[in-house]
Structures are given as structure tokens and as C-alpha cells.
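Student: What TrEMBL records for 244-438 is domain 'Major facilitator superfamily (MFS) profile'. The transmembrane segment annotation in TrEMBL covers 51-72, 84-104, 110-127, 148-168, 180-197, 251-269, 281-302, 314-332, 338-357, 378-396, 402-423.
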């Protein structure tokens with residue numbers, strides 16, 4: 001965990017505070033936009049979306065986003081990052097206008113899904129630009145602390161946007177026009193985020209520095225090089241079994257998580273609906289998001305200590321067993337409060353695994369392969385989740401109620417714990433303390 005002194009030092013940096021303001025404003029807007037989008041798909045009063053359409057919608061949004069990710073750096077290492085943050089946020093505001101209108105007028109869902117895809121794709125430039133800019137606003141000794149604080153606060157901002165938007169949805173009504181209005185509120189946040197970035201920094205303040213620029217090679221050559229590099233990164237990763245087994249474990253965890261995501265959505269949308277209005281389902285799913293985010297936050301807080309205390313391998317095995325028990329105990333009653341509570345432990349596990357994976361890659365993978373391996377991991381992470389979503393949509397009944405599936409998922413996490421325990425006996429994620437008081 002980080003010392004109070006480092007936290008104070010980070011927040012004393014005016015550049016960090018301004019960059020953080022850009023992040024928080026942008027991610028609150030993300031919460032509003034995605035709440036309106038999700039509500040229009042999941043709770044459209046004129047067109048009930050089935051589970052397969054929901055899963056395909058996630059695939060449409062996430063797969064291009066994941067594939068685009070590794071290549072964003074080509075442009076961030078050529079263009080002013082200050083300008084990227086400004087122009088990308090303004091572009092998102094512009095793209096939200098027709099998308100929100102399509103949502104409000106209840107147009108074909110696939111039309112505004114394409115608009116949403118463009119908004120989310122541009123968001124990749126914003127998030128990557130924020131991360132790449134971080135070393136320019138804090139001192140090197142405070143960078144680890146800043147890198148931990150900023151994404152965590154960004155997630156809280158995003159969740160806040162979702163929560164406020166869900167509350168508005170409960171208050172103002174159940175029409176497609178209301179969904180369009182909620183999505184359109186994001187325009188204000190995106191414009192504000194862009195203006196904060198533009199007014200807070202000079203053109204070159206966030207880089208890239210002359211030493212970071214790669215203008216000597218064409219963009220096409222850079223993209224081809226990155227593609228080859230990712231293949232080389234995957235090959236190198238397999239030679240570092242401790243890290244490779246962690247990535248595979250996290251991928252399997254995300255696939256099972258995807259099945260649970262579809263089950264949860266369908267249970268609250270259909271099984272628990274009982275002919276009532278959608279307001280109760282929206283409130284319950286908002287509670288799932290909030291409780292899940294709280295679990296992720298707790299996971300981030302306790303994992304550094306527990307991996308130091310018991311070792312990362314032991315903590316991974318324990319968390320997988322705990323999640324299996326969590327699903328087995330809280331799932332079968334099919335009670336709304338118990339299912340909401342189950343997401344707390346599930347997301348403690350998800351965040352804990354992410355931290356161990358990131359640290360394992362940082363310590364086990366050679367420095368000149370590390371960035372490429374992280375790109376492989378990011379893509380693999382999202383693809384596994386989408387595969388789980390699609391599997392859940394195909395295998396689950398339309399109302400999401402399946403005791404056999406709950407038992408199978410709990411058993412899946414237990415088998416994952418056993419499989420990882422056996423595979424990692426000689427290949428631990430990392431074998432020395434890596435979390436300092438920085």
C-alpha cells in the first residue's frame with residue numbers, strides 16, 4: 001500500500017491534478033453515455049432484446065476496441081498528447097449527438113450500436129493518452145502511486161456517472177426519449193474534459209518528447225511492426241510459464257465471469273420482473289454495479305498486503321476457491337439481495353487476479369517484451385469475456401434461471417483453482433516481494 005507521504009506528494013503536483021480532472025470529467029461522461037446506451041438495449045419498452053443480441057452487442061463494442069488498443073500507441077508517439085486528449089473528447093461529443101438522437105427516436109438498435117462503437121473506439125485514445133501522459137506530470141518516484149490512484153478514481157467516477165444516470169432514469173421515466181437524453185448529457189462532460197486538457201497544458205507538455213517520437217518510420221511500418229511484435233510477445237510469454245499460467249487463469253476466470261454476466265442481466269430483466277415496470281430491474285442492476293465496484297476497490301486494497309504475507313500463488317488459489325464458494329452459496333437461492341452480494345466477492349477476485357497478472361508480467365517478462373505482452377493480455381482479457389457472454393447467451397434459458405449452470409460455474413472456478421495449483425507448483429507468478437511502500 002502507498003504511504004500518506006507519497007499520496008500528498010502526488011496531489012501536490014498541479015499537472016497531476018489537472019490531468020486527473022480531465023480523466024474524471026471524461027469518465028463521468030462515459031458513465032452517462034453507457035447508461036443511456038445500456039438502458040436503450042436492455043430496457044427498451046418497444047423492443048425486448050434477447051440474450052444473444054445482448055451478447056452480440058457486447059462483442060461489437062469490445063472486440064474492435066480490444067484489437068485497436070495495441071495500435072493506438074503508434075499515434076500517441078507521433079501526435080501531441082495534449083491535442084489528442086482535447087480533440088478526441090470533442091470528437092466523442094460530436095459522435096454522441098447522432099447516436100443519442102437514434103436512441104431517442106428508437107431507431108434500429110444496430111444503427112446506434114455502430115455510433116456507440118465509434119464513441120468507445122475514440123475512448124481508447126483518451127484512456128491510452130491519459131496513461132502515456134502520466135510520467136510528464138509526476139516525478140519518477142511518485143509514478144507508481146499516481147498510476148494506482150488515477151485509474152481507481154477514474155473507475156469511481158465512471159461508476160458515479162452510471163449511478164446518477166440510473167437514478168435519473170428511475171425519476172424521469174421509461175421512454176426511449178429519456179434514454180437518449182441521458183446519453184446526450186455525456187456531451188457536456190466530453191466537451192468539458194477536452195477544454196480542461198487544452199487549457200491546462202501547453203502543446204508539448206504531455207509529450208511525446210523528441211526521444212519518444214517515432215516519425216522516422218511510416219505509420220504502416222509501425223503497425224506491421226506492432227503486429228509482428230505481439231506475436232513475438234506471445235511466444236516470449238509462453239517461455240515465462242509463471243506469467244503465462246496467470247494470464248490463462250485470468251482468461252478462464254473472465255470467460256466464467258461472462259456467463260455470470262449474461263445470467264445476472266437476464267435474471268434481473270426477465271426472471272425477477274414478474275410483469276412490473278423496469279424501474280426495479282434498473283435499480284437492482286445499478287446496485288450490482290456499485291457493489292461490484294466496491295468489491296474491486298477492496299481487492300485493490302488488500303491484494304498488495306496479502307501477496308506479501310502469503311505469496312501471490314497462494315492468494316490466487318484462495319481467491320479462486322472463495323469465488324467458487326461464493327457462487328455455490330449465494331447463487332442457488334436465486335434471491336436478488338444474495339446475487340447482488342455475490343458480485344462483491346466475485347469482483348474482489350477479478351481485481352486481485354488483475355493485480356497479480358500485472359505484477360507477474362512486470363517481473364517475469366523481459367523489459368523489451370513487456371509492452372507487447374500487456375497488449376496481448378488486454379486483448380485476451382476482453383475476448384475471453386465476450387466468449388463467456390456468447391456461451392451464456394446460447395446455453396442459458398432466456399430468463400437466466402438455471403441451477404445446473406450455477407453449479408457448473410461454481411465447479412468451474414473450483415477446477416480452475418485446482419488446475420492452477422497443479423500447474424504453478426514450479427512456476428509461481430513471482431517469487432519475491434514486489435509491492436513496496438511507494
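Here, residue 1 is simply the first one shown, and the rest follow in order.
Cβ coordinates come from backbone N, Cα and C, glycine included.
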Student: Restricting to CB pairs under 8 Å, which listed stretch, 84-104, 148-168, 314-332, 378-396, is in contact most with the transmembrane segment (281-302)?
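Tutor: The stretch with the most contacts is 148-168.
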Student: Quick test of the contact rule: Cβ under 8 Å, at least six residues beyond the ends. What residues does that give for the transmembrane segment (402-423)?
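Tutor: Those are 245, 249, 252-253, 256, 259-260, 263, 316-317, 320-321, 323-325, 327-328, 331-332, 392, 395-396, in sequence order.
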Student: Averaging the per-residue pLDDT over the domain 'Major facilitator superfamily (MFS) profile' (244-438), what integer do you get?
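Tutor: Here the predicted model's pLDDT, averaged over the domain 'Major facilitator superfamily (MFS) profile' (244-438), is 87.
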Student: Report, as numbers and ranges, which residues of the same chain sit near the transmembrane segment (251-269): CB under 8 Å and 6 or more residues beyond its ends.
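Tutor: Distant Cβ neighbours of the transmembrane segment (251-269) are 42-43, 51, 54-55, 278, 281, 284-285, 288, 320, 323, 327, 334, 336, 339, 343, 346, 349-350, 353, 380-381, 384-393, 395-396, 398-402, 405-406, 409, 412-413, 416.
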